[in-house]
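Q: Please see the structure below; I have some questions.
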Amino acid sequence: MKFKFILSTTLCFLLAFILNLFSHHSLSVALTNSFLLVLSIYFFQSFLNKSYYLSYLIIISFSLIPLFNYLPYINLISLLPLISLSFFILYKRWPKKWILIFFAISLFVGNIYSGEIIKYPLNLQDTQLIFNSPEINYHIKRHTEDALFLPFKMRQLLYSKLVYIYAAFTNFFDFLNLKNISDVLLIANIYPLFMGFSLLFKQEKVFRNFCLMAFFVTLFTAGIDRSPDKFQSLYLLSPIFLFLIILGLQKINKTFYLSLWVLTLFLLVNPKI
(Lines of atoms letter the chains of each structure in order from A and count residues from 1; the text may use other names and numbers.)
(Lines give C-alpha, C1' and ligand atoms only; values in the text may rest on other atoms or scores of the structure.)
Protein backbone atom coordinates (compact mmCIF):
# COMPACT_ATOMS: atom_id res chain seq x y z
CA MET A 1 0.00 0.00 0.00
CA LYS A 2 2.89 2.36 0.76
CA PHE A 3 4.34 1.82 -2.72
CA LYS A 4 0.95 2.43 -4.31
CA PHE A 5 0.54 5.67 -2.39
CA ILE A 6 4.00 6.88 -3.43
CA LEU A 7 3.22 6.00 -7.05
CA SER A 8 -0.14 7.79 -7.04
CA THR A 9 1.22 10.94 -5.37
CA THR A 10 4.17 10.98 -7.78
CA LEU A 11 1.79 10.85 -10.74
CA CYS A 12 -0.28 13.59 -9.13
CA PHE A 13 2.81 15.76 -8.65
CA LEU A 14 3.98 15.27 -12.24
CA LEU A 15 0.58 16.05 -13.72
CA ALA A 16 0.13 19.17 -11.58
CA PHE A 17 3.70 20.28 -12.34
CA ILE A 18 3.23 19.89 -16.11
CA LEU A 19 -0.09 21.75 -16.04
CA ASN A 20 1.40 24.61 -14.01
CA LEU A 21 4.52 24.85 -16.13
CA PHE A 22 2.64 24.91 -19.43
CA SER A 23 0.07 27.38 -18.10
CA HIS A 24 2.38 29.87 -16.40
CA HIS A 25 5.92 29.14 -17.65
CA SER A 26 7.15 29.67 -14.10
CA LEU A 27 9.29 26.88 -12.67
CA SER A 28 9.11 28.21 -9.10
CA VAL A 29 5.30 28.48 -9.07
CA ALA A 30 4.93 25.08 -10.76
CA LEU A 31 7.13 23.46 -8.13
CA THR A 32 5.44 25.27 -5.23
CA ASN A 33 1.87 24.47 -6.33
CA SER A 34 2.72 20.83 -7.09
CA PHE A 35 4.60 20.38 -3.83
CA LEU A 36 1.69 21.95 -1.91
CA LEU A 37 -0.75 19.52 -3.54
CA VAL A 38 1.33 16.42 -2.77
CA LEU A 39 2.18 17.56 0.75
CA SER A 40 -1.53 18.16 1.43
CA ILE A 41 -2.42 14.69 0.13
CA TYR A 42 0.30 13.16 2.31
CA PHE A 43 -0.91 14.93 5.45
CA PHE A 44 -4.57 14.04 4.80
CA GLN A 45 -3.96 10.49 3.50
CA SER A 46 -5.57 8.90 6.56
CA PHE A 47 -8.91 10.34 5.41
CA LEU A 48 -8.63 8.91 1.90
CA ASN A 49 -11.16 6.25 1.07
CA LYS A 50 -9.00 3.16 0.42
CA SER A 51 -11.00 2.32 -2.70
CA TYR A 52 -9.83 5.63 -4.21
CA TYR A 53 -6.17 5.15 -3.33
CA LEU A 54 -4.96 4.46 -6.86
CA SER A 55 -7.91 5.80 -8.78
CA TYR A 56 -6.70 7.66 -11.85
CA LEU A 57 -9.86 9.73 -11.69
CA ILE A 58 -8.89 11.00 -8.23
CA ILE A 59 -5.33 11.73 -9.34
CA ILE A 60 -6.63 13.76 -12.27
CA SER A 61 -9.28 15.36 -10.07
CA PHE A 62 -6.73 16.66 -7.57
CA SER A 63 -4.23 17.74 -10.23
CA LEU A 64 -6.81 19.74 -12.19
CA ILE A 65 -8.07 21.77 -9.22
CA PRO A 66 -7.63 25.36 -10.47
CA LEU A 67 -6.50 26.64 -7.06
CA PHE A 68 -3.44 24.40 -7.40
CA ASN A 69 -2.81 25.82 -10.87
CA TYR A 70 -3.00 29.50 -9.97
CA LEU A 71 -0.32 32.11 -10.66
CA PRO A 72 -0.24 34.92 -8.04
CA TYR A 73 0.77 38.43 -9.05
CA ILE A 74 4.09 37.90 -7.24
CA ASN A 75 5.79 34.53 -6.74
CA LEU A 76 6.20 35.10 -3.01
CA ILE A 77 2.44 34.69 -2.51
CA SER A 78 2.63 31.13 -3.87
CA LEU A 79 4.31 30.20 -0.57
CA LEU A 80 1.39 31.40 1.57
CA PRO A 81 -0.79 28.26 1.16
CA LEU A 82 2.18 26.26 2.44
CA ILE A 83 2.07 28.41 5.58
CA SER A 84 -1.65 27.62 5.96
CA LEU A 85 -0.89 23.91 5.67
CA SER A 86 1.98 24.23 8.15
CA PHE A 87 -0.35 25.84 10.70
CA PHE A 88 -2.86 23.03 10.07
CA ILE A 89 -0.19 20.40 10.78
CA LEU A 90 1.07 22.33 13.82
CA TYR A 91 -2.42 22.81 15.27
CA LYS A 92 -3.22 19.12 14.75
CA ARG A 93 -0.13 18.14 16.77
CA TRP A 94 -0.48 20.88 19.41
CA PRO A 95 -4.07 22.17 19.56
CA LYS A 96 -3.28 25.38 21.42
CA LYS A 97 -5.39 28.53 21.16
CA TRP A 98 -2.36 30.71 20.51
CA ILE A 99 -1.54 28.67 17.39
CA LEU A 100 -5.08 29.22 16.10
CA ILE A 101 -4.82 32.96 16.84
CA PHE A 102 -1.46 33.24 15.07
CA PHE A 103 -2.93 31.34 12.12
CA ALA A 104 -5.91 33.72 11.93
CA ILE A 105 -3.59 36.75 11.95
CA SER A 106 -1.24 35.28 9.35
CA LEU A 107 -4.18 34.24 7.15
CA PHE A 108 -5.68 37.73 7.33
CA VAL A 109 -2.34 39.36 6.43
CA GLY A 110 -1.77 36.79 3.68
CA ASN A 111 -5.23 37.38 2.25
CA ILE A 112 -4.85 41.15 2.05
CA TYR A 113 -1.53 40.66 0.27
CA SER A 114 -2.98 38.01 -2.04
CA GLY A 115 -6.02 40.21 -2.72
CA GLU A 116 -3.75 43.21 -3.43
CA ILE A 117 -5.30 45.31 -0.67
CA ILE A 118 -1.67 45.71 0.33
CA LYS A 119 0.88 45.43 -2.44
CA TYR A 120 4.39 44.26 -1.72
CA PRO A 121 6.11 45.46 0.38
CA LEU A 122 3.75 47.81 2.31
CA ASN A 123 1.74 49.80 -0.21
CA LEU A 124 -1.85 50.02 1.08
CA GLN A 125 -4.46 50.26 -1.70
CA ASP A 126 -7.04 52.01 0.47
CA THR A 127 -9.35 52.63 -2.50
CA GLN A 128 -9.94 48.86 -2.62
CA LEU A 129 -11.52 48.83 0.84
CA ILE A 130 -15.28 49.19 1.15
CA PHE A 131 -14.72 51.88 3.81
CA ASN A 132 -13.42 54.14 1.04
CA SER A 133 -16.08 53.25 -1.50
CA PRO A 134 -17.41 56.46 -3.13
CA GLU A 135 -20.72 54.73 -3.89
CA ILE A 136 -21.37 53.72 -0.28
CA ASN A 137 -20.28 57.08 1.11
CA TYR A 138 -22.50 58.85 -1.40
CA HIS A 139 -25.56 56.78 -0.48
CA ILE A 140 -24.94 57.27 3.26
CA LYS A 141 -24.86 61.03 2.79
CA ARG A 142 -27.83 61.06 0.43
CA HIS A 143 -30.11 58.95 2.64
CA THR A 144 -29.12 60.97 5.72
CA GLU A 145 -30.29 64.13 3.94
CA ASP A 146 -33.28 62.77 2.01
CA ALA A 147 -34.99 60.41 4.49
CA LEU A 148 -37.06 63.24 5.95
CA PHE A 149 -39.77 60.88 7.20
CA LEU A 150 -37.34 59.87 9.98
CA PRO A 151 -36.06 62.08 12.81
CA PHE A 152 -32.57 63.39 12.13
CA LYS A 153 -30.96 61.49 15.03
CA MET A 154 -32.51 58.24 13.82
CA ARG A 155 -31.22 58.95 10.31
CA GLN A 156 -27.75 59.47 11.73
CA LEU A 157 -28.01 56.10 13.47
CA LEU A 158 -29.44 54.14 10.53
CA TYR A 159 -27.25 55.70 7.85
CA SER A 160 -24.01 55.75 9.80
CA LYS A 161 -20.78 53.81 9.48
CA LEU A 162 -22.81 50.75 10.50
CA VAL A 163 -23.81 50.56 6.85
CA TYR A 164 -20.33 49.21 6.16
CA ILE A 165 -21.16 46.10 8.19
CA TYR A 166 -24.19 45.50 5.98
CA ALA A 167 -22.06 46.17 2.89
CA ALA A 168 -19.42 43.69 4.07
CA PHE A 169 -22.04 40.97 4.65
CA THR A 170 -23.58 41.65 1.25
CA ASN A 171 -20.15 41.57 -0.33
CA PHE A 172 -19.08 38.19 0.97
CA PHE A 173 -22.50 36.57 0.41
CA ASP A 174 -22.35 37.74 -3.20
CA PHE A 175 -18.80 36.39 -3.35
CA LEU A 176 -19.65 32.98 -1.88
CA ASN A 177 -21.64 31.45 -4.73
CA LEU A 178 -21.52 28.19 -6.66
CA LYS A 179 -20.08 29.87 -9.76
CA ASN A 180 -17.02 31.11 -7.88
CA ILE A 181 -16.57 27.79 -6.07
CA SER A 182 -16.83 25.79 -9.30
CA ASP A 183 -14.34 28.12 -11.00
CA VAL A 184 -11.68 27.50 -8.33
CA LEU A 185 -12.42 23.81 -7.63
CA LEU A 186 -14.31 22.52 -10.72
CA ILE A 187 -17.94 21.41 -10.71
CA ALA A 188 -17.15 17.75 -9.98
CA ASN A 189 -15.34 18.62 -6.76
CA ILE A 190 -18.23 20.63 -5.33
CA TYR A 191 -20.06 17.39 -4.53
CA PRO A 192 -17.32 15.85 -2.31
CA LEU A 193 -16.60 19.33 -0.91
CA PHE A 194 -20.11 19.69 0.51
CA MET A 195 -20.11 16.08 1.69
CA GLY A 196 -16.81 16.79 3.42
CA PHE A 197 -18.17 19.93 5.03
CA SER A 198 -21.11 17.95 6.44
CA LEU A 199 -18.69 15.33 7.80
CA LEU A 200 -16.42 18.00 9.27
CA PHE A 201 -18.67 18.33 12.32
CA LYS A 202 -18.15 14.64 13.08
CA GLN A 203 -14.35 14.98 13.08
CA GLU A 204 -12.01 15.92 15.87
CA LYS A 205 -12.54 19.37 17.35
CA VAL A 206 -9.15 20.59 16.09
CA PHE A 207 -10.13 20.03 12.44
CA ARG A 208 -13.48 21.74 12.91
CA ASN A 209 -12.03 24.75 14.73
CA PHE A 210 -9.24 25.23 12.23
CA CYS A 211 -11.45 25.01 9.14
CA LEU A 212 -14.16 27.27 10.54
CA MET A 213 -11.59 29.87 11.60
CA ALA A 214 -10.02 29.76 8.14
CA PHE A 215 -13.36 30.31 6.40
CA PHE A 216 -14.37 33.09 8.80
CA VAL A 217 -11.14 35.05 8.27
CA THR A 218 -11.28 34.56 4.50
CA LEU A 219 -14.90 35.66 4.20
CA PHE A 220 -14.20 38.66 6.42
CA THR A 221 -11.31 39.68 4.17
CA ALA A 222 -13.46 39.20 1.07
CA GLY A 223 -16.19 41.27 2.72
CA ILE A 224 -14.03 44.35 3.26
CA ASP A 225 -12.62 44.15 -0.27
CA ARG A 226 -14.59 46.27 -2.75
CA SER A 227 -14.01 43.76 -5.56
CA PRO A 228 -12.72 40.44 -4.19
CA ASP A 229 -11.18 38.08 -6.72
CA LYS A 230 -12.14 34.43 -6.26
CA PHE A 231 -8.63 33.07 -6.83
CA GLN A 232 -6.83 35.72 -4.81
CA SER A 233 -9.27 35.40 -1.92
CA LEU A 234 -9.42 31.59 -1.78
CA TYR A 235 -5.86 30.69 -2.78
CA LEU A 236 -4.61 30.37 0.80
CA LEU A 237 -7.46 27.95 1.58
CA SER A 238 -6.40 25.45 -1.10
CA PRO A 239 -5.10 22.86 1.43
CA ILE A 240 -8.30 23.16 3.46
CA PHE A 241 -10.49 22.73 0.38
CA LEU A 242 -8.49 19.62 -0.50
CA PHE A 243 -8.97 18.28 3.04
CA LEU A 244 -12.76 18.69 2.76
CA ILE A 245 -12.81 17.09 -0.70
CA ILE A 246 -10.77 14.11 0.55
CA LEU A 247 -13.06 13.85 3.57
CA GLY A 248 -16.14 13.92 1.36
CA LEU A 249 -14.85 11.17 -0.93
CA GLN A 250 -15.70 8.72 1.87
CA LYS A 251 -19.44 9.22 1.36
CA ILE A 252 -19.98 10.10 -2.30
CA ASN A 253 -21.99 8.14 -4.83
CA LYS A 254 -19.42 6.96 -7.37
CA THR A 255 -21.80 6.96 -10.33
CA PHE A 256 -22.99 10.50 -9.63
CA TYR A 257 -19.41 11.69 -9.09
CA LEU A 258 -18.33 10.16 -12.40
CA SER A 259 -21.28 11.85 -14.13
CA LEU A 260 -20.18 15.19 -12.71
CA TRP A 261 -16.69 14.59 -14.06
CA VAL A 262 -18.07 13.91 -17.53
CA LEU A 263 -19.91 17.24 -17.30
CA THR A 264 -16.79 18.99 -15.96
CA LEU A 265 -14.57 17.70 -18.75
CA PHE A 266 -17.19 18.67 -21.32
CA LEU A 267 -17.27 22.22 -19.95
CA LEU A 268 -13.47 22.40 -19.85
CA VAL A 269 -13.30 21.44 -23.51
CA ASN A 270 -16.21 23.74 -24.41
CA PRO A 271 -15.83 26.72 -22.00
CA LYS A 272 -18.22 28.95 -23.96
CA ILE A 273 -21.19 26.63 -23.44
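Placed from the backbone N, Cα and C atoms, the Cβ positions cover glycine too.
Pulled from TrEMBL, these are the listed features:
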TRANSMEM  5-22  transmembrane segment
TRANSMEM  28-44  transmembrane segment
TRANSMEM  51-68  transmembrane segment
TRANSMEM  74-91  transmembrane segment
TRANSMEM  98-114  transmembrane segment
TRANSMEM  184-201  transmembrane segment
TRANSMEM  207-224  transmembrane segment
TRANSMEM  231-249  transmembrane segment
Q: Does the structure show the transmembrane segment (28-44) and the transmembrane segment (231-249) touching, where I'm treating 3 or more Cβ pairs under 8 angstroms (sequence separation 6 or more) as a contact?
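A: Answer yes: the transmembrane segment (28-44) meets the transmembrane segment (231-249) with 3 or more Cβ pairs below 8 Å.
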Q: Tally Cβ pairs under 8 Å between the transmembrane segment (207-224) and each listed stretch (5-22, 74-91, 184-201, 231-249), then give the stretch with the top tally.
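A: By the under-8 Å Cβ criterion, the transmembrane segment (207-224) pairs most with 231-249.
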Q: Determine whether the transmembrane segment (231-249) and the transmembrane segment (74-91) share at least three Cβ pairs under 8 Å, counting only pairs 6 or more apart in sequence.
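A: Yes, the transmembrane segment (231-249) and the transmembrane segment (74-91) are in contact.
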Q: For the transmembrane segment (74-91), could you work out the same-chain residues 6 or more beyond its ends whose Cβ comes under 8 Å from its Cβ atoms?
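A: Beyond its ends, the transmembrane segment (74-91) has Cβ neighbours at 26, 28-29, 32-33, 35-36, 39-40, 43, 99-100, 102-103, 106-107, 110, 113-114, 120, 206, 209-210, 214, 235-240, 243.
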